[in-house]
Amino acid sequence: MRWLIPGLLGALVLVARPALAEADLERGKALYATCATCHGADAGGNVALQAPRLNHLREVYLVEQLGKFRSGLRGAEGASVQARQMAPMAATLPDEQALLDVAFYIASLDSAVPEGTVEGDVAMGADYYNQFCGACHGPTAEGNVALNSPALAGSDDWYLMAQLKAFRDGSRGAVAGDRTGRQMRAMAAVLPSEQALADVIAFIQSQAEASE
Ligand code: HEC
Ligand code: HEC
């Protein structure tokens, strides 16, 4: 089955890549077979492998991150073990069209909202979130395509913690040319303590349950 990309995403992709206006879900499904060994058949993630849930993310963000893993903006030297594991997986995708096909297939899947594992103060977290995060990631952590900011609600909370720490220590977002990673690094740095990370994640987790 072939899908036309709807709405704003279509406009963005059409401007950026005129040849990639359509995704082939059948091909995406075949390509996803490799990915499923870590991310799960329903893209619900696998904590034992530190492979995060994917199907709450929008196609445009999936394509962009896969592109970063392929180009070395993410998962190269200096990155976490997990990100360096993911980079060669993205490299197995044969062409640019394959990124789109697999992204649309992933977004078409459905999995349960992950259980919370991070303990934090939701009210404190809401304060931090509204002050520092909501302008880009949206008031309910639903993401904002125009600002390249992914949905955070629906993510595994252990993965959010790992990524915030990675942005803070420079193992993600510090490579020259990673414009959006750099933007997010600056924001991760404003949280005052490890406890603040846990609090903001607890707030995000509370939004996931509300939105699905
Ligand atoms: C060997 C296990 C493994 C396989 C196979 C694998 N991944 Fe991953 N993937 C990971 C891990 C681990 C991470 C977390 C990386 C990090 O912590 O930065 C990840 C992260 C990602 C991310 C980033 C998500 C985000 O929120 O930023 C995307 C997108 C992704 N994988 C897609 C894929 C696709 C598509 C495939 C198949 C082509 C695939 N993965 C195959 C282990 C795997
Ligand atoms: C200026 C806009 C902006 C603000 C403010 C912002 N972010 Fe981000 N965030 C981004 C962008 C852009 C990305 C995607 C980075 C990339 O492409 O690698 C991102 C990515 C992330 C990720 C990685 C998600 C994933 O699936 O890999 C997390 C976690 C995150 N942000 C949390 C936060 C938190 C918590 C705050 C508040 C302390 C915050 N962000 C504030 C723009 C922002």
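Counting begins at 1 with the first residue displayed.
Each residue, glycine too, has its Cβ placed from N, Cα and C.
Caution: TrEMBL annotation is automatic and unverified by curators.
Copied over from TrEMBL, here are the features:
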- 1-21: signal peptide (SIGNAL)
- 23-110: domain 'Cytochrome c' (DOMAIN)
- C35, C38, H39, M86: heme c 1 binding site (BINDING)
- 120-208: domain 'Cytochrome c' (DOMAIN)
- C133, C136, H137, M184: heme c 2 binding site (BINDING)
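Proximity to ligand 2 at the level of Cβ atoms, with a cut-off under 6 angstroms, picks out M184 from the binding-site residues C35, C38, H39, M86, M184.
Each of the binding-site residues C38, M86 was ranked by the number of other C-beta atoms within 10 Å, and first place falls to M86. Taking the C-alpha atom of C35 (heme c 1 binding site) as reference, the shortest distance to any of the binding-site residues C133, C136, H137 belongs to H137. Minimal Cβ crowding within 10 Å, among the binding-site residues C35, C133, C136, M184, is found at C136. A Cβ within 8 Å of the Cβ centre of C35, C38, H39, M86, the residues given for heme c 1, is found for these other residues of the same chain: T34, A36, T37, L49, A51, L54, M89.
Under 6 Å, Cβ to nearest atom of ligand 1: this is the test, and of the binding-site residues C35, C38, M86, H137, M184 it is passed by C35, C38, M86. Neighbouring residues of the recorded heme c 2 site, listed in sequence order and excluding C133, C136, H137, M184, comprise F132, G134, A135, L147, S149, L152, M187 (Cβ within 8 Å of the Cβ centroid). A helical conformation is recorded for H137 (heme c 2 binding site) in the three-state DSSP classification. A straight line from the CA of M86 (heme c 1 binding site) to the CA of C136 (heme c 2 binding site) spans 26 Å.
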